[in-house]
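Record features (TrEMBL):
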BINDING   163, 164, 165, 166, 167, 168, 169, 170  ATP binding site
COMPBIAS  600-613  compositional bias 'Polar residues'
DOMAIN    8-60  domain 'Myosin N-terminal SH3-like'
DOMAIN    69-763  domain 'Myosin motor'
DOMAIN    1534-1810  domain 'Dilute'
REGION    598-631  region 'Disordered'
REGION    643-665  region 'Actin-binding'
């Protein structure tokens, strides 16, 4: 194909770039042959002229179409070159967050530097059993491929993990081993897989260290062989190590650490067991502080130490050996602190009692002086003598470091040996998978011996890799029968020869080490002389004579010769080793035992480990030459041998390659450095794989895939029935160069670039079709638009013209209307003007006339007022003159009267001085005094009146002058009477004057007070208004607070309701979880039980052959069976010792787990025994009291005792019934504690009334029976009396003979009952009724029952009264609380608003806290009560069960000889026992065999009624219950359960069998419930069915056993369903194109070539639907409950949805728009199936919701923020991880689709960050919903069931 056809305008190419390595550009014009410059447009928007190389004229690499970018397999790319590989890896790593990519047979793993959730057990289960090409790339896929090829080809496998330090090699190897451990399991109970995984932390601690590139870098290589047995289960492992970096023990570069174990020891130095090691901080030791970085961020060395010790313990390394290891490691640290002091240039010393050396010697158990001596000296041996030479300080330091390195290497080897010993298995190894974790190609600024060995190993591995890839290519071409042409690939054999051949680098190095004066310089000169200019791969640096350059397959590497000889020799002084060998510490000499043995490569191989270092020792005289020679093996020689052995191992296995890539040097998560990635891709051989693939035919298509993809390039006539010929015809037309493709048997092979060309043709064809479709659609749309516009224009014209006409008519109307309006307006204006003028004139006239009238009126009024004023003034003047005259007259009178009074007073004083006068006057003085006293009193009274009058006069002085004048006249008239009081009047007047002054003062004060009062009033009013405003505010605040309180109460109520709903949901979830856990435990138990049986059978077969006639019987009990069985067995053993003497063959062996469990139960029962003893004693006393009355009568014979025992059983059953009713009553009354419980209509009230009604009815029946029997007795007495006694004796003798012939106790008892009914005494006393007083006893029993009920009612009444009293107390307390609340409210109102709010909130919090505490206390009390009642109920059930077991005593005929018998019979109604099946005890095994073990479900389901075996078994149980034979019931039920388990174990993979027995087990369980006699299960029964209820046994515990069995069967049914459906689901739901032509097949790579692909039939959606129909029809035929069918269907749909979604999440090729449409169509078909089967309400559709949402997510728009919001609201059933995963995996199938941008995915993540969901990526496909068995009663009457002869049950009879 010409370049001009590919390098056209808009074609995209890759050009080199110094920064980004490769940069994308676009051609601006077509390329023409001969052009030297290409015009390019870069992605950043710049234009560039790209000059072609004038010599090579190579065009830039073409870029793959976008549809091929991001492929799982790099070989699927059409253009295979370095920029395409780099870009594909970058897109997958950065955009899609995918770290794994296939490159043919290689898995490329990029270290994300972040923990990813892709290594869980769910991911392991998803990859298990899958083909490598069907799932996204993963380390688990490689591990699964190796495991499958090992099992299929029976060939050992190897997984080779390589890469730089920090690329993730160790982690990848660890995950591969974890996969094998999880998938295969172990063949023994020794947990080998755990030990294999436990070896990782040990090896990491002693072999890993922190480097500048990696915090956990492996500083050694290891090859772990994981061994498997014939069943491909792990049995053991073996580890080989290579080239430990010993120099790290004594030296670390900057920012690096020593091995982890040293820092773990220092971090744990404070532990008590490590005190003796005398360790401290890591900075205190020379060997751990050199790097200056003793701590790794995020790593706790102390915790890591605990993990290391735990792993050592798991691998069997004892505590003593662990402490020994730690002692040696601590000794190495202390040895590093040993310092030397120079004495001169050639000698040195150690300070005396040097503490580090003392500690070292103490830990190692060696002599201090001896070690001190040999650290500073060495021994030299010559041919004749040996002498000791001191060494310099530098030599001593080097010797110390060499000793430390040697000790650590020996310890490392010892630990590896012990790990291998722990992982070794005694079982023969059938095959193995090796995991090689080895260093990748390394190049640093300074490269030494270690880098040389590492790169040498990588050269060998690369050669093996190239040969394997070349071999696979050749096999593929030969398989497809296409012409094979030799592919030229890089062969690195010359480089390997340069290193390891004769006179190669290693050979010259070993030779130089043997030279006495060999140095690094002389070795370098030998290298130059031997290889320089002779080998193209060997070069010499220009500026150095101590280095050399080797051209490796990856790059040129310059090695510094300094240190090569020393490291190759690895010299340690022999004297120091001898000192260590003489140690008292036993473990230390063990490390050096192999120094005394000559170890060859074969011996190293046999030990399972290749030794890395060897201590060359100087030969002595006594040693043979061969031994000395073998001791001189160098490190290089040993490494070469071990590498050859490794290559032999790898060549004998099938290799699988994992190449780990380090994306950046800064450990940034998901950051991609193109330069570093390209370096590693070149170094690890990935690009070489690409080159080999590109040299051949890298693109491979099957004919069907090619036809489906490129059908658009074919014409109709080109399509033939033969797809192969069709593809050939089309390709011959499309690609003219036949060398560009080849036709194989099943595939078409294309050269590189041809698929891109075909994709271009396809895109052009689709684009042309799109243009044609667009053209036609656009023309049609424009024509439609034109017609619409024309029609719209016509319509608009019509409407416009009509509008214009209407406007003109409107104008005419408006003109006429305007004329009329003008006429009327003008008239209106003139008329209005006239009216205004007229109104103005009238107003003026009115105002003028009014003005004149008012003036006249004012004049008259003035004159009238003047007359009045004159009148008043003249009157005032006259009154004034009169008042002055009167005042003068009165004044004169007063003066005259005063003068006369003075004269009289003077006379009286003179008379008083005369004694005689006094005596004269004294005669009538007393009378006068009395008279004067009366007068004084009268005057006082008058005074008081005057004072009052004066007070009144003062108030009305001005207004009542006339009144005063009258008073004055009255005073003048009484002047003579008041002469004596005149003086007083004057004084009173003075007082009045004073009072007036006081009054004036008082008035002024009053005025002041009033003013003050007004001010105070105003202030008060202001204060009141302020208070009112504050009160208003307070009221508002109060209302706000009340509203807030109400709101808070409402919110709290809503919150409590929501919380209650949530708690209810949570309780439901907890119930389901608990149910699920219980069912999982049942499943685990059944698995362990099966395993136990298998192991038992294997042991039986291995140990001995069974004896003739002896057959091993299965356990009749399981741990799920009732504890009642075992306890009843124990009771039998105690009560009936004779039963323990049965033959041992008849004993049923118990399981060990059951025995231990029931043994614990026996202990509990013994504890309860004492509690039950009192109850038993009370019962016995009652029985003895009842028998005491009978002892007063004559001795009762044996038959009568038999009858009494029967009667006692009847009374005990009656007692049990009454107790059950009493328990129901107690339960009903204890359900609620409210007073409403006892109200009419309450449950307790109804139960009580029902029981009273039943008791009264039964009492009436008994009374009627008494009356009937009394009448019969009277008539019989009259008939019997005349007969003589002889006949009676004769008859009794005859009857006695008949009785003696009866052997069965039941026959004797029934015959005796008939006799007793005819044997009556003549007395008519009611006590003697029925002779034995049966009816009277019954009547008395009923009366006692009534009394008991009455007493219980009284006690209940008292209890309810107590409850009512308690409620009253609560009401009173609530009242007090209310009062307290009101007081608090009043107090709060007085507080400031802030304090009030705080106080109210505090009070509310306190109240809620108290309520919460009260509720918690009530809940605890209720829990205690429930537990107590449950315990009591259990105890009572046990007691009643034991009391009911009454054994009938044997009756000898001699006991009834003297009994008088009368041959009179009362007619007795026979009982109807229909609905039962009778069988003999010895026929039980036959019944179980024919009905269960050998029954074929298909025949029963087709020909007989559903559930027939269950009905038959229940009818047999009913008969055993009727006979009151508990042993028979127990035996039958146990045999049934065990037989069902046997059938399911034998045919457990048959769906029909499992479904059949699930249906019958459920039916049997429903029958036991329906006929149990419990009211809850008898609601739907007919009266006849109620008569068939069990009477003697309560099988509730057996119902639990059957329920557990049904759960196990259901889980087994689900497993069978899953095994049948699983192969169909992925093919039918994802891969098959239900809608043809929608999905387009994308180009695929070499991953489809894997030989693990099995040739399976293709399943479609119809296959799944047919299988679902088959399941449904089988379950319906077996009569399975509809609710159970719904649960099975729900589980099936969950399996379908979970497996489909999991595969969708792990397959990038399935995440496309078209696949979403296919999935939605398939789901709609499943929903249609549900509708057809009327199962839409089963919940099955909801289980498909995650799959439906994932399909919708593939189809919705994924661009804008609105799309993100829609996705977040739509995908509520998917987790965030699943949504992001689908978006990352979304891959366009056509170029017209767009990828999801990274920014959109980040937007989704931001929106979903608050969503709380599981971080788990995959759904749990193994999850089984907890199953329930709703009660489903049967309407089938048991008496109508007929037993078909085909079942072979002729030995059972219908009763």
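Cβ coordinates are placed from backbone N, Cα and C, and glycine is handled just like the others.
Helix, strand and coil counts under DSSP for the domain 'Myosin N-terminal SH3-like' (8-60) come to 0 helix, 24 strand, 29 coil. Shown in sequence order, 111, 214, 217, 218, 440, 660, 662 are the same-chain residues outside 163, 164, 165, 166, 167, 168, 169, 170 whose Cβ sits within 8 Å of the Cβ centre of the ATP site.
Sparsest Cβ environment among the binding-site residues 163, 166, 168 (other Cβ atoms counted within 10 Å): 166.
Counting only same-chain residues at least 6 apart in sequence, those with a Cβ under 8 Å from the Cβ of residue 170 (ATP binding site) are 204, 208, 216, 218, 437.
Broken down by DSSP into helix, strand and coil, the region 'Actin-binding' (643-665) contains 9 helix, 8 strand, 6 coil. The Cβ neighbour count for residue 165 (ATP binding site), using a 10 Å radius and every protein chain shown, is 20. Cβ neighbours of residue 169 (ATP binding site) (same chain, under 8 Å, six or more residues apart in sequence): 161, 162, 163, 218, 437, 438, 439, 440, 660. Shown in sequence order, 109, 111, 440, 660, 661, 662, 680 are the residues of the chain, 6+ apart in sequence, with a C-beta less than 8 angstroms from the C-beta of residue 167 (ATP binding site). A 10 Å cutoff on Cβ-Cβ distances gives residue 164 (ATP binding site) a total of 25 other Cβ atoms nearby, all chains included. Residues belonging to the region 'Actin-binding' (643-665) score a mean pLDDT of 88 in the model.
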